[in-house]
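Enquirer: Following this message is one structure expressed as structure tokens.
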Amino acid sequence: MLTLIKLKIQNFGRFLSNMIMPNISIFIAWGMMNALFMPLGWQPNKTLEQLISPMIFYLLPILIGYTGGSLISGSRGGLIGSITTIGVITSTNIPMLLGAMISGPLGGWTIKYFDKKIENKVKNGFEMLVNNFSLAILGILLAIISFFTIGPFIEWVSYFLGTLIQIILSYNLLPLTSIIIEPAKIFFLNNVINHGIFSPLGIQDALDKNHSIFFLIESNPGPGLGLLIAWFFFGKGELSKSSGGAALIEFFGGIHEIYFPYVLIKPKLIIPLILGGMSGIFILVLLHGGLISTASPGSILSILAMTPKGLYFSNIISVACSFLVSFISSSILLKYDFNTIQKDSNYTVKQGKNSFNSKTSREDFNNFNFSKIKTIIVACDAGMGSSAMGASILRKKIKNANLNHISVLNMAINALPQDADLIITHQNLTNRAKDNAPFSQHISLKNFLNNHFYDNLVKKLVENMVFLYDNHTDSVNKYTQQKKDALFQLNEENIILNQYASNKEEAINIVGKHLVKQGYVKFDYIDSMLEREKMASTWLGESIALPHGTIEAKDSVLKTGIIFCQFPKGVRFGEDVDDIAYLVIGIAAKNNEHIMVVSNITNALDKKDTIQRLSHTTSIKEALSLLTMEKI
């Protein structure tokens, strides 16, 4: 029930946001003209000042009305929505942004209903006549209705909200709104709050004071920045490694969605966000800060651009204060959180990492059909921030894997096509994505920057390509079966138990020498393995490392081979102190013969119990049976 309610709220909020988002540049243009040409602006100009009022009183409401109508019924809905909005605009003396958000969709729904009723009932040759006159007549009727009803109603609502806001401000209660705003943002309602609520309120407020505090309540990047920096210094696991880059993206790029997964993995961190938001709003109220228009995206650069003359100090102090409060409180919670790592006598499991580990992803991927994937869409609420970054990461990995037949796009959830092959969304947005594209395959993730997720997805796509290639025709199947005995197969000689190494370089040397000893590679291949490790760690997570040579070392490979080495005391392979490998698998690949063997080993290592047994077994036969998934 709660999920359904949340989904309904998200859908409604998304609709409101979609009316505002396409017109953000108009808000910015209006704000910049305010900052330049108004009497308190940088270049006051009475002549050019006349351009400002028509934009806020006519242009913006009409565009919002058109956008709202077109969301319901295309261009016809947009046209009748614009006509209906004219009735709202002329009925009052205040900017009718809220009125346009009602009248536009009303016009769209009306024309959509009318078109459905007359479908297939208009005689040939009269379609254009009926379409044009029906839209004009219905538009006039709706404009009159909105003039006498919607306009006065919105004027009363605006007066009521204005009075309520004055009461809140007079009792200094505005900072308490963070208790609602910050948790709502985590559930991807940030665009709804900013563009559906605060933008209309801010514009009405800015007409009186030339700036408004409401433009900086949701868009303040300080609380999110403080949380991410705290993760960078005191966090554990994979998220701490990506938090530094995420902080830069959030602060300068204005993509607040990037810190949401950090809170979802540790819900207690919502407290620092609330405290940071409250402190920022308190400073704004105290120093009378605010912006001249919507700051979108919520970047420090956008905020500075929308800051009116004389308010830079108050706005910067507000952002800085919210950052410090969020950082200090987040650091305290993270530094003294001893539940991040659970240890037993034999095995170390990192909770934070397990939430985003490759094993979980592999298990999830087993239920999907990758045989006809040509288009992958990474989608988020607005289709511009977090999904764009996720798509960029996946696109690069797809290219590196030579999967040139697969294209990767980023898109807003409401714009998803019905026939998309595979759609990737945050787990909190997947239900909405399924509603928009019910016939597509959907995969959920918790963090758009999760490299392990994309690595495992690409691995599955590559495995599928190998499978399709091997099963393309019956003749290929027979040929593959005939050559099966000639391919590399894991045996007891390839399993080396009870090894010890003080560091990963020593471990790679041990594995490499066994590859040389068994005739798989030349001796210089070991140097290539060490060189490859310097480029990027071959640590896979889940106590496994997969060292191998560089592409240039192909000539040093005599034949395809794999060496499975067990290090019961572990060897640190990753950047984190807890990235300990107990199982080190060395690979020498002459061609693609190793892919199926590695795939089988990967499937065998899907279970925690299997990894733990392999890490401490003293029986080569048991290890071989576990790796090949055959009974002893």
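Here the Cβ of each residue, glycine as well, is placed from N, Cα and C on the backbone.
Annotated active site, phosphocysteine intermediate per Swiss-Prot: Cys380, in sequence order, evidence recorded as similarity to another entry. The annotation domain 'PTS EIIC type-2' is assigned in Swiss-Prot to 12-341. Annotated domain 'PTS EIIB type-2' per Swiss-Prot: 374-469, in sequence order, evidence recorded as sequence analysis. Here Swiss-Prot flags 488-630 as domain 'PTS EIIA type-2'. Annotation comment: Swiss-Prot describes Cys380 as phosphocysteine, evidence class similarity to another entry. The phosphohistidine annotation in Swiss-Prot covers His548 and is backed by similarity to another entry. The feature transmembrane segment is assigned by Swiss-Prot to 24-45, 50-70, 134-155, 165-185, 273-292, 313-334, with similarity to another entry given as support.
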Enquirer: Taking 10 A as the limit, how many CB atoms besides its own sit near the CB of the residue listed as 'active site, phosphocysteine intermediate'?
Expert: 27
Enquirer: Using the alpha carbons only, what distance in Å do you get between His548 (phosphohistidine) and the residue listed as 'active site, phosphocysteine intermediate' once rounded?
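Expert: Cα-Cα distance, His548 (phosphohistidine) to the residue listed as 'active site, phosphocysteine intermediate': 36 Å.
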Enquirer: Looking only at residues six or more beyond either end of the transmembrane segment (165-185), which have a C-beta under 8 A from one in the stretch?
Expert: 192-193, 201, 205, 213, 217-218, 223, 256, 260, 270, 273-275, 277-279, 281-282, 285
Enquirer: For the transmembrane segment (273-292), name the stretch out of 24-45, 50-70, 134-155 with the most CB-CB pairs under 8 Å.
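Expert: The stretch I would name here is 24-45.
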Enquirer: Using DSSP, break the domain 'PTS EIIB type-2' (374-469) down into helix, strand and coil residues and give each count.
Expert: 44 helix, 22 strand, 30 coil
Enquirer: Give the nonlocal contacts of the transmembrane segment (50-70) in its own chain as ranges (CB under 8 Å, at least six residues past its ends).
Expert: 18-20, 22-23, 26-27, 29-30, 33-34, 37-38, 77-82, 84-86, 88-89, 95-97, 99-101, 103-105, 107-108, 111, 203, 207
Enquirer: According to DSSP, how is the domain 'PTS EIIA type-2' (488-630) divided among helix, strand and coil residues?
Expert: 64 helix, 31 strand, 48 coil
Enquirer: Test of understanding: give the count of other CB atoms lying within 10 angstroms of the CB of the residue listed as 'phosphohistidine'.
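Expert: So the Cβ neighbour count for the residue listed as 'phosphohistidine' comes to 22.
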